[in-house]
């Protein structure tokens, strides 16, 4: 099948999958509405989505690409609604309002420059869109770090990872067919990152204490053990078997070596040395004076002994 026959079908599927991904903002807005505020919910995804859709929309107009234009018209509309709703529900509104104002100013500057220089800005705008998308795809790396630390995938949304893989794969193939490096590069990064995330779902369990799919298929494969210091820091109970496993013992030895590294060994004081150390200077001086006085008294007593009292005296006393 030739590229001319594949491209229309791929365009339709890419439009449907991408717009469906844009609609994931509605559950977030519904959660904000139920809470009555934006507490603990960040509005940064809405800002990033608005910027990305606006830049790709203008790039689509420069390339006269109907697929990009269709997708990003819907994207700009939806993310504008999300951002306004978030601003309405946020308390206080100042911080998010400033971010939204900065975003609108940045988009306006981009539109003005493209109007001034026309098609000459296609490469610059394409590079900006590519860099922005790569940065968005790199955002889930923080979640992957948590997974590797906790040995559990409960912090990663599986449906979102699958959707990102599907959308990125379609746009990477679409960019290959239209020979656009600015479309291929960011979506290639998205495919690789999505595959890594899905691999984590095979290695680690979905919930703490569960079994990983790879371990269920091959019982001979043991799931990676959770570091013992994580349980201790959280105040959890560490199983006795885990305490005496070779891996735990090795970790404990390494932790001990790190703690002892660079520390000097201080010899322990005996009870006698400790008493001498605690003796005050005045007590030491009094003790020295007392010892000297005792020695002098002993000398004087020996001098007072007469010769006849000396036990080894053999001299005969003269008669009176």
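Backbone N, Cα and C define each Cβ position, glycine as well.
Automatic prediction, not curation, is the source of TrEMBL annotations.
Of the given residue ranges 67-89, 205-227, TrEMBL assigns the label transmembrane segment to 67-89.
Transmembrane segment is the annotation TrEMBL gives to one range among 96-119, 240-263, and that range is 96-119. The feature transmembrane segment, as given by TrEMBL for the ranges 181-204, 277-300, sits at 181-204.
Highest Cβ pair count under 8 Å relative to the transmembrane segment (6-29), across stretches 41-61, 67-89, 96-119, 125-144, 181-204: 67-89. Only sequence-distant pairs (6 or more apart) were considered; of these, fewer than three Cβ pairs between the transmembrane segment (96-119) and the transmembrane segment (181-204) are under 8 A, so the stretches are not in contact.
The transmembrane segment (67-89) and the transmembrane segment (125-144) are not in contact, since fewer than 3 Cβ pairs between them lie under 8 Å (pairs 6 or more apart in sequence). Using a Cβ-Cβ cut-off under 8 Å and counting only residues 6 or more beyond its ends in the same chain, the transmembrane segment (181-204) has close neighbours at 59, 126-127, 129-130, 133-134, 137-138, 140-141, 144, 147-148, 151-153, 156, 158, 161-162, 164-165, 167-169, 171-172, 174-175, 212-214, 223-224.
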